[in-house]
């Protein structure tokens, strides 16, 4: 088999890893809709889904069947090409961003030297998806929702990036594996970069448009915002894309601030690395759901004021202090 060169083997393994990670993330995003409803029911002293299968475990299958058989309707007054393109970008950009997440020491799709920058590039594409959805729907509520979402996402992505610059300054690299290795050799970044962690988790909730930062799709004000004209699988792609965003931000929180796959007993039980990563990611996913269950939605102007009046000073102070400490250590 002379044709099976080392380069070809590397390509095949990368493709297989990408497919496995892609399917796992999509399945996790879909399952999260059931998990969220069960947890919300538990915290609100009610049952949640409990009719389809034991503990409502087959509710996801019922929802998928319903979604598949709904009419894939495109409004006659919409820009059909852009209307169809928007959910593809919304879901696809977040799936591609998962390529830079190192799940275990040996498992990950891409080991990029610009890993964090690649994440910001893919996250920035979701703004286009929201804008395309609102503009192409030719609906005033959809347009208002997309304008809200664009302003909110662009604002909070600034602080999402600034909150990680302290980590980059300490490690001296944008590579995700280098960041995890630095935490293994020294200390998890939740301690020296606590203010960066606080800003990142707030901005992460905002850019995923999760409650209490779900003003772009506020049902009471905008009748579901930029989703309003979508139905069937197009709406389903937006829906699953939102949960994929939650999984992505949770995985980044675990990787950047809590050591990723790092934990005790890895020398004797290396398979625990995946368990540690999954447990840390699952904790932050539950935190996202708990935030939705416990906090009220503020006004839109309060959300934007909070970003520039609270998050901006916090991230700048964190970055300046980190820079000063790095320079002092280098002397």
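Keep in mind that glycine also has a Cβ here, set from the backbone N, Cα and C atoms.
Keep in mind that what you see is a predicted model, and the values were worked out from it rather than measured.
Feature annotation from Swiss-Prot assigns transmembrane segment to 7-27 (among others); the stated evidence is sequence analysis.
What Swiss-Prot lists as transmembrane segment is 81-101 (among others). Taking Cβ pairs closer than 8 Å, the transmembrane segment (81-101) reaches residues 18, 21-22, 25-26, 74-75, 108-110, 112, 115-116, 118-119, 122-123, 125-126, 128-130, 132-133, 135-137, 176, 229-230, 234-235, 237-238, 240-241, 244-245, 248, 251-252, 255 in its own chain, all 6 or more past its ends.
Feature annotation from Swiss-Prot assigns transmembrane segment to 114-134 (among others); the stated evidence is sequence analysis. Long-range contacts of the transmembrane segment (114-134) within its own chain (CB-CB distance under 8 A, at least 6 residues past either end) are made by residues 82-83, 85-87, 89-90, 93-94, 96-97, 99-100, 142-147, 149-150, 153-154, 157, 160-161, 164, 168, 174-177, 207, 216, 225-227, 230, 238, 245, 252.
Annotated transmembrane segment per Swiss-Prot: 154-174 (among others), in sequence order, evidence recorded as sequence analysis.
The transmembrane segment annotation in Swiss-Prot covers 187-207 (among others).
Same-chain neighbours of the transmembrane segment (238-258): 25-26, 28-30, 32-33, 36, 87, 90-91, 94-95, 97-98, 101-102, 119, 126, 133, 164, 167, 176, 179-180, 188-190, 193, 196-197, 200-201, 204-205, 207-210, 227, 230, 277, 280-285, 287-288, counting only residues six or more beyond its ends whose CB sits under 8 Å from a CB of the stretch. Sequence annotations record features per position, and here Swiss-Prot assigns transmembrane segment to 238-258 (among others) based on sequence analysis.
If one looks beyond the transmembrane segment (271-291) by at least 6 residues along the same chain, the residues whose Cβ comes under 8 Å of a Cβ in the stretch are 32, 35-36, 39-40, 43, 103-105, 107, 201, 205, 208, 210-212, 246-247, 249-251, 253-255, 258-263, 265. The transmembrane segment annotation in Swiss-Prot covers 271-291 (among others).
The transmembrane segment annotation in Swiss-Prot covers 310-330 (among others) and rests on sequence analysis.
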Check: Residues of the same chain, at least six outside the transmembrane segment (310-330), with any C-beta under 8 angstroms of its C-beta?
Finding: 156, 158-159, 162-163, 165-166, 169-170, 192-193, 195-196, 198-199, 202-203
